[in-house]
């Protein structure tokens, strides 16, 4: 049984894996202005992202996210490695992943999709562009697409 | 010969012909011979009655009787001015040649195919760092080249002696002490009765020139790398500034008074301008750091693409682009596109209210291709014609918001130079401007 986020009317749990505080701030503000009630959880690298997803350590009581926004270039463990880990984990692989990055290299795009990324978006540059992008994410992923329900 | 009459000369010692610069040595040798009763032949610089000089070969021999008594001396004078002059000229020419060779670090050499011999001038020995008693054969001379350059020279000499092909190569030699020097070796076949009888040419030490060239190239590369890194790394903090300014302007507008909002506008304008400068710098440095391959490019297609890309702008400015026959050139197609795009944009931006007609011409010349982009705009004052291609000029160019506009011509300049060519503008105020650029056919000129 699954419903769109909008039908559930529960807050959407979003995991943002992003090391750039500037991008974090703008993403947070853009989602705050959005139409959906949401909880934005932020981690700064791939290791923290996997800990969060596996609810390890300090993330033990964190919810399972409905969607992951993943930056490709991160220290310690980058986005590509996170994608590989997710692919190998049957528990986590159903969670939709949107790769958000400044890289427009075709190789990065193809590789991301090969590792089960659900969408690939070039990081917006300005604040207005961020809000635009976040609205698109909302209307497509929260309204249109049925997200898998937590069982 | 002397200009004196018989009466004037008779009874006088021939010393009266000598001048102040007649060789004392020769005169002394003559006197010595007379004193010791010997024969002597000297060459003397003498003066005619009218003061003009002439050269004499004077031979004096003692005349003796049968029993060996010296009765008198017999002297012969031979007028040798012309041959003496020729000899002096030759000496002066060879001294001049020798000095010039030394100054220019250039020597001469000659291969005689009939005697299979090689002759070097002193300077060639000096450049090679070997003694002048070394008499190399052609093969031995080729062995003095750097191992990597020997084949080049072997081929060049072979071609010159069999096909009569002149050559001009920049190659390295290795001196006996192991020092590597850069040289320029040029050779021309020599013909006699339609047959190649030898090769001769020049040999020049160009090590210093090469060193300077490579230093200059390295420093340019470093500079471009610097421009790339600097502009690339500047993007991130600049983005932070504009992002947070946007947040202030949008999310805190109610908390800010009018003046604070005006300040925010100033910051936004400033960071937009800086963004366009950084983009321009990045484009400029990418000309060399991210340049593509040189391939045959049809200029007509490039210009068709340019016109298509600029369709909206051409409409806005009521502009038309006219072209004739255009050559196919060996170039980086994307960059050639950029040059035409920047030049056409530049013409449109300066056309003002009037409709703009831009004519593009191209032609093939022996060593290069030449392109002209002519507009009927306001023209450019002569004092500014050179300045417009520079990357950093006075602030005026950055007052416009158009993205990286000010760097467009500097980028063209960088691209054209990468193609071994030049760009300049021919213009008079109020009489349009013609931007001319060349692209070298010789790939060696391109980088």
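Positions of Cβ are set from backbone N, Cα and C atoms, glycine also.
A TrEMBL annotation is a machine prediction, not a hand-curated record.
What TrEMBL says about this protein:
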| type | residues | note |
| --- | --- | --- |
| DOMAIN | A:13-138 | domain 'Response regulatory' |
| MOD_RES | A:71 | 4-aspartylphosphate |
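Residue A:71 (4-aspartylphosphate) falls within a strand segment according to DSSP. Computed over the domain 'Response regulatory' (A:13-138), the whole-number mean pLDDT of the model equals 85. Note: the domain 'Response regulatory' (A:13-138) comprises 54 helix, 25 strand, 47 coil (DSSP; helix = H, G, I, strand = E, B).
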